[in-house]
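Asks: Sharing a structure with you now.
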Amino acid sequence: MPPQTQAEEATIVASGIAAFNSEMEQGSGGKEADGGRDSAFTMKSLLWHGGSAWDAWFSCSSNQVAQVLLTLPYSFSQLGMLSGVILQLFYGIMGSWTAYLISVLYVEYRTRKEKENVSFSNHVIQWYEVLDGLLGRYWKAAGLAFNCTFLLFGSVIQLIACASNIYYINDRLDKRTWTYIFGACCATTVFIPSFHNYRLWSFLGLGMTTYTAWYLTIAAVVHGQAEGVAHSGPTKLVLYFTGATNILYTFGGHAVTVEIMHAMWRPQKFKYIYLLATLYVFTLTLPSAAAVYWAFGDQLLTHSNAFSLLPRSGWRDAAVILMLIHQFITFGFACTPLYFVWEKVIGVHDTRSICLRALARLPVVIPIWFLAIIFPFFGPINSAVGALLVSFTVYIIPALAHMLTYRTPSARQNAAEKPPFFLPSWAAMYAVNAFVVGWVLVVGFGIGGWASMTNFIRQVDTFGLFAKCYQCPKPQPHPAPAPQQHH
C-alpha cells in the first residue's frame with residue numbers, strides 16, 4: 001500500500017466517517033494482503049474476524065468507557081460540575097494525542113522490521129516490543145512493567161465492578177461471593193484468540209454502554225433533585241485530585257492500542273480513530289455524569305457507583321445486566337495483552353491450537369481474581385491505578401518515547417510518519433510532548449498519586465482488606481415486637 005500523504009491525513013480527520021466507509025469497501029483487499037484469505041462473505045467473517053477501521057473504532061470506544069461510566073458522577077461530586085466537564089475534555093484530548101503517538105511509533109517499528117524482512121504473520125506485536133525495537137531493552141523493561149501492571153489492575157477493576165453492579169439486582173449474596181462467581185465467568189475469555197475476534201463483542205459492548213449512559217442521564221433527570229441536595233464540591237484537595245485522576249484513568253484506556261492496531265488490515269488508518277472514538281465517548285460521559293451529579297450532589301461522595309442512588313426499576317435492572325456483559329467484554333480486552341505476554345514467556349504464542357493457548361492462559365486469571373477479593377474498593381481503586389500506572393503507561397512513556405525516537409535529524413528525515421497536518425513542525429510536537437510529560441508527572445502522578453493513595457488507604461482503614469461487602473447498606477434491625485397488654 002502506498003504511504004499516506006499529509007493531504008490524506010487531513011481528509012481522514014475532516015471526514016472520519018467517510019474514511020471508515022472507504023476502509024470497509026476496501027476490506028477484502030486488506031484481507032488478501034494480510035493472509036491471502038478468501039474474501040467471499042461468510043457468517044464467520046461477519047461475526048468473528050474483524051480488521052477494518054470500523055472494528056478498531058468499536059474496539060476503542062467500547063474499551064474506553066466501561067465501568068468507569070458509573071464512577072464519573074462520583075468524580076464530579078469531588079471536583080464540582082465545572083472542573084468535571086473541563087477535565088473530561090482536557091484528558092480526552094490529551095489521551096487522543098498520546099494514542100496517536102503510540103500509533104506512529106508502531107508504524108515506525110513495523111516499517112523498520114519489514115525492511116529487514118521480519119514476518120509478523122503469526123505474531124502479535126505489543127507495546128513493549130515497539131519500545132525494545134526503537135529504544136532498547138531498558139525501555140522494553142519499563143514498558144512491560146507498567147503496561148502489564150496496569151492491565152492486571154484494569155482487569156481487577158472490571159471484576160470488582162461486576163460484583164458491585166450485580167448486587168443492586170440480587171443482594172442475597174454479598175459482593176465478595178459475586179466476585180468469586182464472576183471471576184470464574186470471566187476466565188472464559190481465555191478462549192478468544194486475539195482482537196480480530198472481538199468484532200461482535202465490541203459492537204455489542206458499545207451498544208450496551210450507550211444504553212446505560214442514556215439510562216443514567218434520563219433516570220436522573222426524571223428523578224429530579226433529591227430533597228436537600230447540595231453541590232459543595234470541590235471542598236478538599238485530596239478529593240479534588242482523586243476525582244481528577246479517575247478522569248485521567250477514564251481516558252487512559254489505550255494500553256491496548258498496539259494490539260488493536262495489529263489486528264487491523266491496514267494499521268496506518270488508525271491514527272485518528274482514537275480521537276473519533278473519544279468524541280463519541282464524550283456524548284456518553286458528559287451528560288450522564290452531569291445529570292446524576294445534578295440530581296444527587298454530595299450524596300455521591302459516599303456512593304461511588306451511580307446505580308446505588310437510582311430507584312430500582314426494570315430500566316435500571318436492564319442497565320445493570322448490560323453493564324455486566326460489557327464488563328465481561330472489557331475484562332477480555334484488558335486481559336488479552338497479558339495472555340499474549342504470558343504465551344510468549346512460556347513459548348506457546350505461535351501455536352494455532354486455541355485449546356492449548358486457552359489452557360496456557362488460565363494462570364493469568366488467578367492473581368486477578370485474588371486481587372479483586374483483597375481490594376474491592378470500587379471507585380477509589382480507579383484513581384489509584386490512574387495516578388500510579390496510567391500516568392506512565394499511556395501518557396508519559398509514549399510522549400518520551402516519541403521525543404527520543406526522533407531526536408536525530410536523520411530519524412526525522414526518514415520517519416515513516418511525518419508530523420500531522422495540524423501540527424506540521426517537529427519543534428511543535430516536541431513542545432506538546434514536553435507539556436504532556438510535565439503535566440502528568442506533576443499533576444497526575446505527583447499530586448494525584450498523593451491524593452488517590454490517601455483516599456485508598458482511608459478505604460482500607462474503614463472497610464479493611466478482603467471487605468465482604470464494600471459500601472453495602474447496613475441491614476436494618478427488625479423492630480422489637482410490641483409488648484402484649486394484659487387486661
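Note: Cβ is positioned from N, Cα and C throughout, glycine not excepted.
Please treat TrEMBL annotations as automatic predictions, because they have not gone through curation.
Annotations for this protein, taken from TrEMBL, read as follows:
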DOMAIN    49-442  domain 'Amino acid transporter transmembrane'
TRANSMEM  85-107  transmembrane segment
TRANSMEM  144-166  transmembrane segment
TRANSMEM  178-196  transmembrane segment
TRANSMEM  203-226  transmembrane segment
TRANSMEM  238-260  transmembrane segment
TRANSMEM  272-296  transmembrane segment
TRANSMEM  318-342  transmembrane segment
TRANSMEM  354-378  transmembrane segment
TRANSMEM  384-406  transmembrane segment
TRANSMEM  427-451  transmembrane segment
Asks: Counting CB pairs under 8 Å, which listed stretch among 203-226, 354-378, 384-406 touches the transmembrane segment (178-196) the most?
Replies: 354-378
Asks: At an 8 Å Cβ cut-off, counting only pairs 6 or more apart in sequence, do the transmembrane segment (354-378) and the transmembrane segment (384-406) clear the bar of 3 or more pairs?
Replies: no
Asks: With Cβ distances under 8 Å as the criterion, find the stretch in 85-107, 238-260, 272-296, 318-342 that has the most pairs with the transmembrane segment (427-451).
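Replies: Ranking 85-107, 238-260, 272-296, 318-342 by Cβ pairs under 8 Å to the transmembrane segment (427-451) puts 238-260 first.
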Asks: In the same chain, which residue numbers or ranges, 6 or more beyond the ends of the transmembrane segment (318-342), come under 8 angstroms Cβ to Cβ?
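Replies: Distant Cβ neighbours of the transmembrane segment (318-342) are 59, 62-63, 66-67, 69-70, 124, 126, 128, 144, 147-148, 151-152, 154-155, 158-159, 161-162, 165-166, 168-169, 182, 185-186, 189-190, 192, 194-195, 198, 201-202, 204-205, 208-209, 211-212, 215-216, 255-256, 259, 307, 349, 357, 360-361, 363-365, 368.
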Asks: Cβ under 8 Å to the transmembrane segment (384-406), counting only same-chain residues 6 or more beyond its ends: which ones?
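Replies: 94-95, 98-99, 101-102, 104-105, 108, 131, 134-135, 139, 142-143, 146-147, 149-150, 153-154, 157, 245-250, 252-255, 412, 415, 426, 429-430, 433-434, 436-437, 440-441, 444-445, 448-449, 451-453, 455-456.
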Asks: Can you work out whether the transmembrane segment (144-166) touches the transmembrane segment (272-296), with the criterion being 3+ CB pairs under 8 Å where the paired residues are 6 or more apart along the chain?
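Replies: The answer is no, given that the two segments have fewer than 3 Cβ pairs within the 8 Å cut-off.
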Asks: Considering only Cβ pairs within less than 8 angstroms, which of the stretches 85-107, 203-226, 238-260 has the most against the transmembrane segment (272-296)?
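Replies: Ranked by Cβ pairs under 8 Å, first place goes to 203-226.
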Asks: Which residues, given as numbers and ranges, are at least 6 beyond the ends of the transmembrane segment (238-260) yet have a Cβ under 8 Å from it?
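Replies: Non-local partners: 56, 59-60, 63-65, 68, 71-72, 74-79, 83-84, 87-88, 91-92, 94-96, 98-99, 102-103, 106, 124-127, 130, 147, 150-151, 154, 194-195, 270, 274, 278, 281, 285, 301, 333-334, 336-337, 340, 379-380, 382-387, 390-391, 393-395, 440, 443-444, 447-452, 454-455.
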